[in-house]
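S.K.: Structure provided below as structure tokens; questions to follow.
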Amino acid sequence: MNLAIVEAPADSTPPPADPLDHLADALFHEMGSPGVYGRTALYEDVVERIAAVISRNREPNTEVMRFPPVMNRAQLERSGYLKSFPNLLGCVCGLHGIESEIDAAISRFDAGGDWTESLSPADLVLSPAACYPLYPIAASRGPVPAAGWSFDVAADCFRREPSRHLDRLQSFRMREFVCIGSADHVSAFRERWIIRAQKIARDLGLTFRIDHANDPFFGRVGQMMAVSQKQLSLKFELLVPLRSEERPTACMSFNYHRDHFGTTWGIVDAAGEPAHTACVAFGMDRLAVAMFHTHGKDVALWPIAVRDLLGLAQTDRGAPSAFEEYRCAKEAGS
């Protein structure tokens, strides 16, 4: 779920207005770091309603898991993320040591120094994707049955990609459906979801296209991995033209990992071979931004079919809409 966006040089004139900037005040609260925002009630309500639509499309016999925003560092290292995307990883650090050592760090801060020199890494990292904590859990259950396993997972995720663009957050929500089983089983799962996800996007009133894609692997070796990923059709994305047709935003992705996680974690299928895995990922914040950019900030004016799908009751004539309530509150606070 990544899209390269060119940033203006640091010494350039202020960048021109981005096509999504008009949404910022209605949807987000600045928190002092690019891509990290507080979220308004108007925005969160739509995120939750999109999540409900996705849940209604969940396949039978799918196990639901919800993960915290952090995961075990050793598990992420074993999964291979550090080798593929080291530049995107966020590691949890803390002030460890005896009282005098911690006091020294505080004293350094009081004196105007850099207290972070005393930080050392914990055994946790910020989760870069919702599915990574799943694989060691699945591995602990023994062989995968012939019918395979299907999971619905979600997490608050983090990738160190500071950006002023509202469709590239550092802290974001990801929802995934993950399939573990034989190569044929997980390939069929991905094909079903490519079709199903397009219907969801159409029902949401979004303009989109499906295209081959690759992850932003790090370094020169990563460039070769990206070419291979594309050539083997291991990744597709559902792209929404929020800025233009030439610079679309990936709001969903459809990924086939082959036996990478099966081999890494010792997950075997019913035949005793390394299990294959696939996932469909929904960028919940990108989908919500796409909805507001497509249909406007006042949900009362969204197409009736979209409102019905999301369960938005028709606004009574004369009653203020959620956006009008937000606008009044904004004006009262200014």
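Cβ atoms here come from the backbone N, Cα and C positions, even for glycine.
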S.K.: Same ATP site as ARG159, GLU161, ARG168, LEU169, LYS235, ALA250, CYS251, MET252, SER253 according to Swiss-Prot: which of ARG192, ARG196, ARG209, ARG286?
M.R.: ARG286
S.K.: Write down the one residue from CYS93, CYS131 that Swiss-Prot lists together with GLU176, CYS279 as binding Zn(2+).
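M.R.: According to Swiss-Prot, the candidate sharing the Zn(2+) site with GLU176, CYS279 is CYS131.
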S.K.: Counting all other Cβ atoms within 10 Å across every protein chain shown, which of the binding-site residues CYS131, CYS251, CYS279 scores highest?
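M.R.: Max Cβ neighbours within 10 Å, all protein chains included: CYS251.
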S.K.: Taking the Cα of CYS279 (Zn(2+) binding site) as the centre, which of the binding-site residues listed as ARG159, ARG168, CYS251, SER253 lie within 10 Å of it?
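M.R.: The binding-site residues close to CYS279 (Zn(2+) binding site) (Cα within 10 Å), listed in sequence order, are SER253.
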S.K.: Taking the Cβ of ARG159 (ATP binding site) as the centre, count every other Cβ atom within 10 Å, in any protein chain shown.
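M.R.: Total other Cβ atoms inside 10 Å, all chains included: 22.
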S.K.: Specify the count of other C-beta atoms within 10 Å of the C-beta of LYS235 (ATP binding site).
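M.R.: Taking every protein chain into account, the count is 20.
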S.K.: Let's check the environment of ARG168 (ATP binding site): how many other CB atoms sit within 10 Å of its CB?
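M.R.: Total other Cβ atoms inside 10 Å, all chains included: 22.
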S.K.: Other residues near the Zn(2+) site, CB within 8 A of the CB centroid of CYS131, GLU176, CYS279?
M.R.: ALA129, ALA130, LEU134, PHE151, VAL153, MET174, PHE177, VAL178, ASN255, VAL280, ALA281
S.K.: I'd like to confirm something. Which of the binding-site residues, ARG159, ARG168, LYS235, has a Cα closest to the Cα of GLU176 (Zn(2+) binding site)?
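M.R.: Of the binding-site residues ARG159, ARG168, LYS235, LYS235 has its Cα closest to that of GLU176 (Zn(2+) binding site).
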